[in-house]
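Copied from TrEMBL, the annotated features are:
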- 478: active site, proton acceptor (ACT_SITE)
- 477, 481, 500: Zn(2+) binding site (BINDING)
- 101-112: compositional bias 'Polar residues' (COMPBIAS)
- 192-372: domain 'Aminopeptidase N-like N-terminal' (DOMAIN)
- 406-618: domain 'Peptidase M1 membrane alanine aminopeptidase' (DOMAIN)
- 695-1014: domain 'ERAP1-like C-terminal' (DOMAIN)
- 101-123: region 'Disordered' (REGION)
- 557: site 'Transition state stabilizer' (SITE)
């Protein structure tokens, strides 16, 4: 890839690029050159001018400089540094020659003008001035007459501009050449759909389907058009109130429309009927086909749906926005060897004359948004249980029905819990959970028919508690959506967090009550993303389809959950938050809401607390606060500012948050009753403690969404306290201290020397949360050093990490472990140790894999150790082949995914190409796994370069499979860029994405990637000398 530098721009100084050296068999973009040689900083064109030959300006050539170009000698005066021109060097050189005095010019120079013969005397100065003035006046009058409208000189004059009428919209052209009667992304509000009658006829042999949609609607405001959605549907017939009509289509916005010569009057009830045909979607959205291989080796085909956020329109014409709720009556035809599922229970089945069977489902008993509609045609089997009057079933392919028991058990417990907690019973007769072989998302909360990846629903009886925790968390999340999202739905995608933030919060809270043995811990990482200037507010404008897709990110999910956790911790008593939630659900049941509706509902049970005033600052502006502490005796001064890693020095002053600051001190720091609260509303405020204390720890148990800087003395006091007694703070507080000091180092607020002072206590740490936080932060530095080709420093960093946790690693066993927290700790430690080539770790992992292979799978590897063992197996060509064969034939889905990560961790170029190609084709490795493969490959330097090359070569195919802005694309971009830290890497990423234009250049994830690389570069530039001395 070429590197294009604009060396003539003011204020840029380019340094020689980092030179990389790669093995010859690596891909083309793995070989870098040293680029440009250094050239003089100053070119003085005034010196010895007679030595320059006469040049035609068009013949002047120039070469790019690796430093700024200062040109002097323009005429008789040199330019000051502040007056440097931004023009090209060719033009500057031309100017320098033209402006020299005639004394320096040769008579033969083409730039020497010969004086013409004088035939008349020179005019006087007064004559020249008068002539110039006259010409200026004539020219000015001519321009005035030309530009003023003709009506200026009529008797009536020009009409005054109409300031009341809006500008007429420019309507686009539909596919048949007629004007399309709508020019906005969002649909007009003049029509309200009341009910849909859907008939679908899928053909799984031809991979096509036909359909008939009947929409009953109410006219809210008089109109002469109906605008709705449809994508990739071929409308064969359309009638309105039994009369044929023409359906117009505008493909860029996936909109359909019907025009009427006579106005539809408000209050009318109308019926629009359409017949159509379509192909199954070849991506993971809309009505798409999937397949799997059965136990006899036969390929089985099925069809399933995924409509969130904008894909119901790919299956049937509809008003495809969350606010257009309606009821649905669904009929699906099938072969007799198949079965069908939809949101509601089956009402009846009818034999058709063509040999097919038509299944008709009950009309939905609730109004719901189109993105929650779902249907499946397959040959699944199920297990069932009645829970409080609701028929709960878990479906899978027949070969995996033995892996459904745990899902049914935990679903039954969670359904009873939510019924009680929300004080509203689940409203449908049945609740199906279905494992789909090909499914991009983790799961989808379709009302009454929740769909899952096989890996997030199916788990064997022998699986570890850590594996069961993953399944339980996903189920808890999707069940919470049956209330938050389905019963009460956000009005538009700008408030997606009302769905996803709540479901994320409830998944943790519910499992702590329902299954405490899983030891589910709230551990959100949205702070890292939200510290970027490219982040967005929790509730933010959404004006394009790509922006809709991009809302499915950690801000909507994890920040949304984090501010709810903070709010709940701020309420007096345990039940105030729950009372507000119940009020919200009951008041808006079946309706659509925005963020203000939630805050108003939560304010009512508290009376003394204005929740809206407090929480609006957390949802209406991006980012979060940095709280700085100054402790003087018993007086505490708190100051807040925007924690923004990339700042233009103008964004800090306007951002203020209403912060419920919690704190403990050295006299009482562990028990909940030690916690005290101070609300910081202003830029700065002061309060007094009851007595002098040695130190304060803010953000008790990390329930607040902010970062704390304790100042040099404060950090020293906390570091000293931990060195003396690790248990002086809760493990959540120790983890937050580690996170905060690394974040402050990234911001430049603390020196890396202060970070190193705190890390001295790491060797004393034994708890899961702080150890995992420390491993994450140190590993990030190691990976950046590795990708910068700082091989010596990376090697020393590797030794430091191993040395810091040597004793803790040595204490880990390789046998079955029952405690979830210990499983999580062991998994993280051993995976890290083996990745850093710890000899004992790799020996144990190799031995365990051999036993597993020799037993033909009868000896199981403990679930929390599988990733470590399979990753080590992936490093050898011989065991890689064995692992790949195991992957192809594996039945345990969680185990299969860990095998895939092990395969993707290889350093063998041929293997990397093989696995990427297979994933792209969808042969042996499902295409849905490509984001996981790329993320795993990017843990190593060589693997990441292969992944980057693959992405550039196959970008168009990737965005065919994964929508632009989708979470899959976000994951891919972040994986290949997040640990880059050189200018050369930044240039490559910037050049590639800027060339994509409408194919992805404007994605928020691209801006995040560029910003992250710059931040990594700046941090490394500041701290490399310290790292060299320290290591």
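Just so you know, glycine gets a Cβ as well, placed from its N, Cα and C.
Where the annotation comes from TrEMBL, it is an automatic prediction and has not been curated.
On a predicted model such as this, the values are computed, not experimentally measured, just so you know.
Structural mapping of features recorded in TrEMBL.
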| residue | record | Cβ within 10 Å |
| --- | --- | --- |
| 477 | Zn(2+) binding site | 25 |
| 478 | active site, proton acceptor | 25 |
| 481 | Zn(2+) binding site | 24 |
| 500 | Zn(2+) binding site | 25 |
| 557 | site 'Transition state stabilizer' | 23 |
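Regional average pLDDT for the domain 'Aminopeptidase N-like N-terminal' (192-372) in the model is 97. Residue 478 (active site, proton acceptor) sits 10 Å from residue 500 (Zn(2+) binding site), taking the C-alpha atoms as the reference points. Candidates 477, 481, 500 (binding-site residues) were compared with residue 557 (site 'Transition state stabilizer'); those inside 10 Å Cα-Cα are 500. Summary of the Zn(2+) site environment: with the site residues 477, 481, 500 set aside, the chain residues having Cβ atoms within 8 Å of the Cβ mean position are 445, 478, 480, 484, 485, 499, 502, 503, 504, 506, 507, 557.
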